[in-house]
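**Q** Got a structure for you, questions after.
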Amino acid sequence: MDSSILVPRTSTGSAVQGATGYLTIDLSALGRNYERLSSMLAPGRAGAVVKADGYGIGAECIATALYDKGCRHFFVAQFVEAVRLRPTLARDAQIFMLNGLQPGNEGPCAGSGIIPVLNSLQQWEQWSAAARHLKRTLPAVLQFDTGMSRLGFPLEERQALAEALGDDSHVEILFIMSHLASADELDSEQNCEQLAEMSRIADEFAGFDISFANSSGVFLGETYHGVLARPGIALYGGAPTAGEPNPMEPVVSLDVAVVQTRIVPAGTKVGYGGAHVTQREARLLTIAAGYADGLPRSLSGRGAVYYKGTRLPIVGRVSMDSITVDASALSEGDLTLGSQVEVLGPHQTLEDLARDAGTIPYEILTGLGDRYHRQYR
Ligand SMILES: *Cc1c(COP(=O)(O)O)cnc(C)c1O
(Lines of atoms letter the chains of each structure in order from A and count residues from 1; the text may use other names and numbers.)
(Lines give C-alpha, C1' and ligand atoms only; values in the text may rest on other atoms or scores of the structure.)
Protein backbone atom coordinates (compact mmCIF):
# COMPACT_ATOMS: atom_id res chain seq x y z
CA MET A 1 0.00 0.00 0.00
CA ASP A 2 1.25 3.47 -0.82
CA SER A 3 1.50 5.17 2.56
CA SER A 4 2.11 8.63 1.10
CA ILE A 5 -1.66 9.03 0.81
CA LEU A 6 -1.71 9.26 4.62
CA VAL A 7 0.72 12.14 4.75
CA PRO A 8 -1.31 15.32 4.98
CA ARG A 9 -0.42 18.14 2.67
CA THR A 10 -0.91 21.82 3.18
CA SER A 11 -2.37 24.05 0.52
CA THR A 12 1.22 25.02 -0.25
CA GLY A 13 2.12 21.40 -0.86
CA SER A 14 4.48 20.84 2.05
CA ALA A 15 3.96 17.72 4.11
CA VAL A 16 5.31 16.46 7.38
CA GLN A 17 5.00 12.79 8.26
CA GLY A 18 2.46 12.27 11.00
CA ALA A 19 1.29 15.87 11.28
CA THR A 20 -2.47 16.37 11.30
CA GLY A 21 -2.52 20.12 11.64
CA TYR A 22 -0.32 22.90 10.33
CA LEU A 23 -0.01 26.22 12.07
CA THR A 24 1.75 28.55 9.68
CA ILE A 25 3.24 31.77 10.97
CA ASP A 26 4.16 34.35 8.38
CA LEU A 27 7.10 36.21 9.86
CA SER A 28 7.35 38.59 6.92
CA ALA A 29 3.73 39.67 7.45
CA LEU A 30 4.58 40.13 11.14
CA GLY A 31 7.50 42.33 10.11
CA ARG A 32 5.30 44.41 7.82
CA ASN A 33 2.75 44.85 10.60
CA TYR A 34 5.53 46.07 12.87
CA GLU A 35 6.76 48.51 10.22
CA ARG A 36 3.25 49.80 9.66
CA LEU A 37 2.73 50.52 13.36
CA SER A 38 6.21 52.03 13.64
CA SER A 39 5.56 54.43 10.80
CA MET A 40 2.27 55.53 12.40
CA LEU A 41 4.09 56.13 15.69
CA ALA A 42 7.16 57.98 14.43
CA PRO A 43 8.96 59.81 15.96
CA GLY A 44 7.73 57.57 18.80
CA ARG A 45 8.59 53.89 18.71
CA ALA A 46 6.82 50.56 18.76
CA GLY A 47 7.75 47.92 21.29
CA ALA A 48 6.21 44.46 21.10
CA VAL A 49 4.06 42.59 23.56
CA VAL A 50 5.13 38.95 23.42
CA LYS A 51 3.45 37.67 26.59
CA ALA A 52 1.76 34.25 26.67
CA ASP A 53 4.36 32.82 24.29
CA GLY A 54 3.89 35.61 21.79
CA TYR A 55 0.10 35.29 21.92
CA GLY A 56 0.46 31.56 21.46
CA ILE A 57 2.51 31.64 18.27
CA GLY A 58 6.05 31.44 19.64
CA ALA A 59 7.66 34.25 21.66
CA GLU A 60 11.21 33.43 20.69
CA CYS A 61 10.68 33.38 16.92
CA ILE A 62 8.47 36.44 17.09
CA ALA A 63 10.89 38.42 19.25
CA THR A 64 13.88 37.49 17.11
CA ALA A 65 12.07 38.51 13.92
CA LEU A 66 10.99 41.83 15.46
CA TYR A 67 14.46 42.52 16.84
CA ASP A 68 15.69 42.26 13.24
CA LYS A 69 13.11 44.92 12.33
CA GLY A 70 14.55 47.26 14.94
CA CYS A 71 12.32 46.49 17.92
CA ARG A 72 14.18 46.83 21.23
CA HIS A 73 11.38 46.87 23.82
CA PHE A 74 9.71 43.55 24.61
CA PHE A 75 6.89 43.12 27.09
CA VAL A 76 5.92 39.89 28.84
CA ALA A 77 3.55 39.40 31.76
CA GLN A 78 5.42 37.04 34.08
CA PHE A 79 8.94 36.44 35.31
CA VAL A 80 9.10 32.91 33.81
CA GLU A 81 8.41 34.31 30.38
CA ALA A 82 11.08 36.95 30.75
CA VAL A 83 13.67 34.39 31.85
CA ARG A 84 12.88 32.14 28.89
CA LEU A 85 13.14 34.98 26.41
CA ARG A 86 16.24 36.73 27.81
CA PRO A 87 18.90 34.42 26.27
CA THR A 88 17.40 34.66 22.77
CA LEU A 89 17.72 38.44 22.57
CA ALA A 90 20.83 40.59 22.39
CA ARG A 91 21.69 42.69 25.44
CA ASP A 92 20.45 45.92 23.89
CA ALA A 93 16.91 44.48 23.87
CA GLN A 94 15.01 45.28 27.04
CA ILE A 95 12.48 42.86 28.52
CA PHE A 96 9.74 44.29 30.74
CA MET A 97 7.58 42.32 33.13
CA LEU A 98 4.08 43.83 33.04
CA ASN A 99 2.59 41.96 35.99
CA GLY A 100 5.05 43.55 38.36
CA LEU A 101 7.57 42.46 40.94
CA GLN A 102 6.69 39.52 43.17
CA PRO A 103 8.03 39.63 46.75
CA GLY A 104 11.30 37.72 46.93
CA ASN A 105 11.89 37.99 43.20
CA GLU A 106 14.10 41.10 43.31
CA GLY A 107 17.41 39.17 43.24
CA PRO A 108 16.56 36.86 40.32
CA CYS A 109 15.10 39.78 38.43
CA ALA A 110 18.12 42.02 38.92
CA GLY A 111 20.46 39.09 38.26
CA SER A 112 18.90 38.22 34.92
CA GLY A 113 18.62 41.80 33.73
CA ILE A 114 14.84 41.80 33.57
CA ILE A 115 13.07 45.10 34.05
CA PRO A 116 10.05 45.09 36.33
CA VAL A 117 7.05 47.27 35.73
CA LEU A 118 6.43 48.53 39.28
CA ASN A 119 2.73 48.61 40.07
CA SER A 120 2.60 49.76 43.70
CA LEU A 121 4.53 51.55 46.43
CA GLN A 122 5.34 48.21 47.98
CA GLN A 123 6.96 47.04 44.75
CA TRP A 124 8.82 50.34 44.48
CA GLU A 125 10.20 49.86 48.00
CA GLN A 126 11.25 46.26 47.29
CA TRP A 127 13.11 47.26 44.12
CA SER A 128 14.75 50.25 45.67
CA ALA A 129 15.85 48.19 48.70
CA ALA A 130 17.30 45.58 46.32
CA ALA A 131 19.21 48.31 44.47
CA ARG A 132 20.68 49.71 47.73
CA HIS A 133 21.57 46.19 48.84
CA LEU A 134 23.34 45.44 45.55
CA LYS A 135 24.91 48.92 45.51
CA ARG A 136 23.72 49.26 41.94
CA THR A 137 21.29 51.37 40.00
CA LEU A 138 18.40 49.19 38.87
CA PRO A 139 16.08 50.09 35.98
CA ALA A 140 12.31 50.10 36.31
CA VAL A 141 9.11 51.28 34.68
CA LEU A 142 6.24 52.79 36.66
CA GLN A 143 2.72 51.79 35.73
CA PHE A 144 -0.21 53.96 36.83
CA ASP A 145 -3.82 52.95 37.03
CA THR A 146 -5.81 55.43 34.93
CA GLY A 147 -9.15 53.69 35.27
CA MET A 148 -8.86 49.97 34.80
CA SER A 149 -8.44 48.97 38.46
CA ARG A 150 -6.21 46.13 37.45
CA LEU A 151 -2.51 46.91 37.73
CA GLY A 152 -0.56 50.04 38.52
CA PHE A 153 -0.16 52.72 41.19
CA PRO A 154 -3.56 53.83 42.40
CA LEU A 155 -4.33 57.53 42.79
CA GLU A 156 -3.86 57.34 46.59
CA GLU A 157 -0.22 56.29 46.22
CA ARG A 158 0.86 58.98 43.78
CA GLN A 159 1.82 61.61 46.35
CA ALA A 160 3.92 59.18 48.38
CA LEU A 161 5.53 57.87 45.20
CA ALA A 162 6.50 61.36 44.07
CA GLU A 163 8.20 61.94 47.43
CA ALA A 164 9.94 58.56 47.34
CA LEU A 165 11.27 59.25 43.83
CA GLY A 166 12.85 62.46 45.09
CA ASP A 167 14.70 60.58 47.84
CA ASP A 168 16.04 57.65 45.90
CA SER A 169 18.67 57.66 43.22
CA HIS A 170 19.17 53.90 43.08
CA VAL A 171 16.25 53.22 40.78
CA GLU A 172 16.39 54.53 37.25
CA ILE A 173 12.91 55.12 35.83
CA LEU A 174 13.04 54.37 32.09
CA PHE A 175 9.49 55.53 31.37
CA ILE A 176 6.04 55.67 32.91
CA MET A 177 3.03 53.86 31.50
CA SER A 178 -0.65 53.08 31.75
CA HIS A 179 -3.01 50.77 29.89
CA LEU A 180 -6.22 51.55 28.00
CA ALA A 181 -9.36 49.56 28.79
CA SER A 182 -11.57 50.39 25.80
CA ALA A 183 -9.22 51.47 23.04
CA ASP A 184 -10.81 49.12 20.50
CA GLU A 185 -13.99 51.24 20.69
CA LEU A 186 -13.27 54.50 18.89
CA ASP A 187 -16.07 56.43 20.59
CA SER A 188 -15.78 55.05 24.12
CA GLU A 189 -15.71 57.87 26.68
CA GLN A 190 -13.27 55.85 28.73
CA ASN A 191 -10.52 56.63 26.19
CA CYS A 192 -10.72 60.40 26.83
CA GLU A 193 -11.09 59.87 30.57
CA GLN A 194 -7.95 57.76 30.70
CA LEU A 195 -6.09 60.21 28.46
CA ALA A 196 -7.02 63.08 30.80
CA GLU A 197 -5.83 61.09 33.80
CA MET A 198 -2.59 60.23 32.00
CA SER A 199 -2.00 63.94 31.30
CA ARG A 200 -2.43 64.72 35.03
CA ILE A 201 0.10 62.00 35.82
CA ALA A 202 2.49 63.38 33.20
CA ASP A 203 2.28 66.76 35.00
CA GLU A 204 2.83 65.25 38.43
CA PHE A 205 5.76 63.15 37.20
CA ALA A 206 7.20 65.62 34.73
CA GLY A 207 10.18 64.73 32.61
CA PHE A 208 9.51 61.02 32.13
CA ASP A 209 8.83 59.42 28.77
CA ILE A 210 5.34 57.99 28.39
CA SER A 211 4.07 54.65 27.12
CA PHE A 212 0.30 54.45 26.77
CA ALA A 213 -1.08 52.84 23.61
CA ASN A 214 -1.65 49.15 23.02
CA SER A 215 -2.52 48.07 19.44
CA SER A 216 -5.91 49.76 19.44
CA GLY A 217 -4.51 52.84 21.15
CA VAL A 218 -2.18 53.41 18.18
CA PHE A 219 -5.31 53.90 16.04
CA LEU A 220 -6.89 56.42 18.44
CA GLY A 221 -4.58 59.14 17.17
CA GLU A 222 -1.34 60.85 18.01
CA THR A 223 -2.38 62.16 21.42
CA TYR A 224 -2.41 58.55 22.61
CA HIS A 225 0.99 57.58 21.21
CA GLY A 226 3.52 58.73 23.79
CA VAL A 227 7.13 57.82 23.18
CA LEU A 228 6.71 54.05 23.14
CA ALA A 229 3.63 52.04 22.19
CA ARG A 230 3.00 48.46 23.29
CA PRO A 231 1.18 46.68 20.47
CA GLY A 232 0.39 42.99 20.75
CA ILE A 233 -2.61 41.69 18.80
CA ALA A 234 -2.14 43.98 15.77
CA LEU A 235 1.36 42.59 15.21
CA TYR A 236 -0.20 39.13 14.98
CA GLY A 237 -2.80 40.30 12.47
CA GLY A 238 -5.72 40.94 14.84
CA ALA A 239 -8.07 43.82 14.08
CA PRO A 240 -7.24 46.82 16.28
CA THR A 241 -10.60 48.55 16.09
CA ALA A 242 -14.03 46.96 16.46
CA GLY A 243 -16.34 47.43 13.49
CA GLU A 244 -13.62 48.91 11.23
CA PRO A 245 -11.78 47.24 8.35
CA ASN A 246 -8.65 45.49 9.60
CA PRO A 247 -5.53 47.28 8.30
CA MET A 248 -3.16 44.57 9.55
CA GLU A 249 -1.91 41.63 7.51
CA PRO A 250 -2.86 38.14 8.68
CA VAL A 251 0.07 36.32 10.27
CA VAL A 252 -1.41 33.01 11.33
CA SER A 253 -3.07 30.33 9.25
CA LEU A 254 -4.25 26.93 10.39
CA ASP A 255 -4.96 23.90 8.22
CA VAL A 256 -6.21 20.65 9.69
CA ALA A 257 -6.27 17.17 8.15
CA VAL A 258 -9.38 15.18 7.40
CA VAL A 259 -9.14 11.86 9.25
CA GLN A 260 -12.42 10.26 8.22
CA THR A 261 -15.15 10.78 5.63
CA ARG A 262 -18.57 9.15 5.39
CA ILE A 263 -21.99 9.54 3.82
CA VAL A 264 -24.93 9.13 6.21
CA PRO A 265 -28.70 9.00 5.60
CA ALA A 266 -31.23 11.51 6.94
CA GLY A 267 -31.94 11.08 10.64
CA THR A 268 -28.36 10.16 11.65
CA LYS A 269 -27.01 11.37 14.99
CA VAL A 270 -23.64 13.11 14.93
CA GLY A 271 -21.16 13.37 17.81
CA TYR A 272 -21.51 13.40 21.61
CA GLY A 273 -25.02 13.55 22.96
CA GLY A 274 -26.41 13.07 19.47
CA ALA A 275 -26.66 16.84 19.54
CA HIS A 276 -26.99 17.04 15.76
CA VAL A 277 -29.31 14.90 13.66
CA THR A 278 -28.96 15.06 9.86
CA GLN A 279 -32.00 16.43 8.05
CA ARG A 280 -31.10 14.76 4.76
CA GLU A 281 -28.38 12.53 3.40
CA ALA A 282 -25.10 14.21 4.27
CA ARG A 283 -21.44 13.90 3.54
CA LEU A 284 -19.52 14.23 6.81
CA LEU A 285 -15.84 14.83 7.44
CA THR A 286 -14.04 14.42 10.72
CA ILE A 287 -11.04 16.70 11.12
CA ALA A 288 -8.12 16.17 13.48
CA ALA A 289 -8.45 19.07 15.91
CA GLY A 290 -10.76 19.70 18.81
CA TYR A 291 -11.04 21.73 21.97
CA ALA A 292 -7.72 20.36 23.24
CA ASP A 293 -6.16 22.05 20.20
CA GLY A 294 -7.75 25.38 21.02
CA LEU A 295 -10.90 25.18 18.91
CA PRO A 296 -13.40 26.07 21.64
CA ARG A 297 -16.25 23.73 22.47
CA SER A 298 -18.52 26.73 22.06
CA LEU A 299 -18.09 26.20 18.29
CA SER A 300 -20.38 23.15 18.64
CA GLY A 301 -23.09 23.49 15.99
CA ARG A 302 -21.75 26.95 15.07
CA GLY A 303 -19.00 28.16 12.83
CA ALA A 304 -17.30 26.38 9.97
CA VAL A 305 -14.11 25.39 8.24
CA TYR A 306 -13.36 25.91 4.54
CA TYR A 307 -12.17 23.76 1.70
CA LYS A 308 -10.98 25.66 -1.38
CA GLY A 309 -13.36 28.44 -0.43
CA THR A 310 -16.40 26.25 0.25
CA ARG A 311 -17.91 26.71 3.70
CA LEU A 312 -18.29 23.44 5.61
CA PRO A 313 -20.41 24.01 8.73
CA ILE A 314 -19.48 22.39 12.03
CA VAL A 315 -22.12 19.84 13.03
CA GLY A 316 -22.64 18.39 16.49
CA ARG A 317 -20.38 18.95 19.45
CA VAL A 318 -16.70 19.75 19.24
CA SER A 319 -14.78 16.80 20.71
CA MET A 320 -11.43 16.93 22.49
CA ASP A 321 -9.46 15.79 19.44
CA SER A 322 -11.81 16.16 16.52
CA ILE A 323 -14.63 18.11 14.92
CA THR A 324 -17.19 16.82 12.43
CA VAL A 325 -18.23 19.08 9.57
CA ASP A 326 -20.91 18.80 6.92
CA ALA A 327 -19.23 18.64 3.53
CA SER A 328 -22.36 17.97 1.49
CA ALA A 329 -21.56 21.10 -0.51
CA LEU A 330 -18.53 19.32 -1.98
CA SER A 331 -18.83 16.74 -4.66
CA GLU A 332 -17.56 13.18 -4.42
CA GLY A 333 -13.82 13.03 -4.95
CA ASP A 334 -13.24 16.72 -4.21
CA LEU A 335 -11.53 15.84 -1.03
CA THR A 336 -9.88 12.70 0.32
CA LEU A 337 -8.45 11.32 3.49
CA GLY A 338 -5.44 13.45 4.31
CA SER A 339 -6.78 16.56 2.59
CA GLN A 340 -6.52 19.71 4.68
CA VAL A 341 -9.33 22.05 5.54
CA GLU A 342 -8.76 25.71 6.37
CA VAL A 343 -9.58 26.75 9.93
CA LEU A 344 -7.79 30.11 9.75
CA GLY A 345 -6.72 31.54 6.42
CA PRO A 346 -7.93 33.52 3.43
CA HIS A 347 -11.59 32.56 3.94
CA GLN A 348 -11.81 32.67 7.72
CA THR A 349 -10.14 35.33 9.85
CA LEU A 350 -9.31 35.16 13.52
CA GLU A 351 -12.19 37.57 14.09
CA ASP A 352 -14.64 35.27 12.26
CA LEU A 353 -13.64 32.25 14.32
CA ALA A 354 -13.65 34.21 17.59
CA ARG A 355 -17.11 35.61 16.87
CA ASP A 356 -18.54 32.15 16.15
CA ALA A 357 -16.94 30.84 19.35
CA GLY A 358 -18.33 33.74 21.38
CA THR A 359 -14.88 34.97 22.32
CA ILE A 360 -12.12 37.35 21.20
CA PRO A 361 -9.20 36.78 18.81
CA TYR A 362 -6.76 37.01 21.75
CA GLU A 363 -8.27 33.93 23.37
CA ILE A 364 -8.28 31.95 20.11
CA LEU A 365 -4.61 32.75 19.42
CA THR A 366 -3.30 32.09 22.91
CA GLY A 367 -5.25 28.83 23.09
CA LEU A 368 -3.90 27.23 19.89
CA GLY A 369 -2.54 23.89 21.01
CA ASP A 370 0.85 22.30 20.63
CA ARG A 371 -0.21 19.31 18.54
CA TYR A 372 -0.01 21.33 15.33
CA HIS A 373 3.12 21.26 13.26
CA ARG A 374 4.34 24.84 13.46
CA GLN A 375 6.01 26.31 10.43
CA TYR A 376 7.54 29.78 10.30
CA ARG A 377 7.88 31.48 6.94
C1 LIG B 1 -1.50 42.82 26.73
C2 LIG B 1 -1.07 44.22 26.93
C3 LIG B 1 -0.76 45.05 25.84
C4 LIG B 1 -0.98 44.64 24.41
O5 LIG B 1 -2.35 44.78 24.09
P6 LIG B 1 -2.91 44.53 22.60
O7 LIG B 1 -4.34 44.87 22.74
O8 LIG B 1 -2.69 43.10 22.32
O9 LIG B 1 -2.16 45.40 21.70
C10 LIG B 1 -0.23 46.29 26.10
N11 LIG B 1 -0.06 46.72 27.36
C12 LIG B 1 -0.40 45.98 28.44
C13 LIG B 1 -0.20 46.52 29.80
C14 LIG B 1 -0.93 44.71 28.26
O15 LIG B 1 -1.26 43.97 29.33
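From the backbone N, Cα and C atoms, a Cβ is placed for every residue, glycine too.
Note that TrEMBL annotation is computational and uncurated.
As listed in TrEMBL for this protein:
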MOD_RES   Lys51  N6-(pyridoxal phosphate)lysine
ACT_SITE  Lys51  active site, proton acceptor
BINDING   Arg150, Met320  substrate binding site
DOMAIN    251-377  domain 'Alanine racemase C-terminal'
ACT_SITE  Tyr272  active site, proton acceptor
**Q** Give the distance between the Cα atoms of Arg150 (substrate binding site) and Tyr272 (active site, proton acceptor), rounded to the nearest whole Å.
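**A** About 39 Å separates the two Cα atoms.
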**Q** Looking at the recorded positions Lys51, Arg150, which one has the fewest other Cβ atoms within 10 Å of its own Cβ?
**A** Arg150
**Q** Tell me the Cβ neighbour count for Met320 (substrate binding site), meaning other Cβ atoms within 10 Å of its Cβ, over all protein chains shown.
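**A** Met320 (substrate binding site) is surrounded by 11 other Cβ atoms within 10 Å.
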**Q** Using a 10 Å cut-off, grab the number of neighbouring Cβ atoms around the Cβ of Tyr272 (active site, proton acceptor), all chains included.
**A** 14
**Q** How does the domain 'Alanine racemase C-terminal' (251-377) divide up by DSSP, counting helix, then strand, then coil residues?
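**A** For the domain 'Alanine racemase C-terminal' (251-377), the helix, strand and coil counts are 24 helix, 45 strand, 58 coil.
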**Q** Would you identify the secondary structure of Lys51 (N6-(pyridoxal phosphate)lysine) according to DSSP, in three states?
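**A** Lys51 (N6-(pyridoxal phosphate)lysine) sits in a helix per DSSP.
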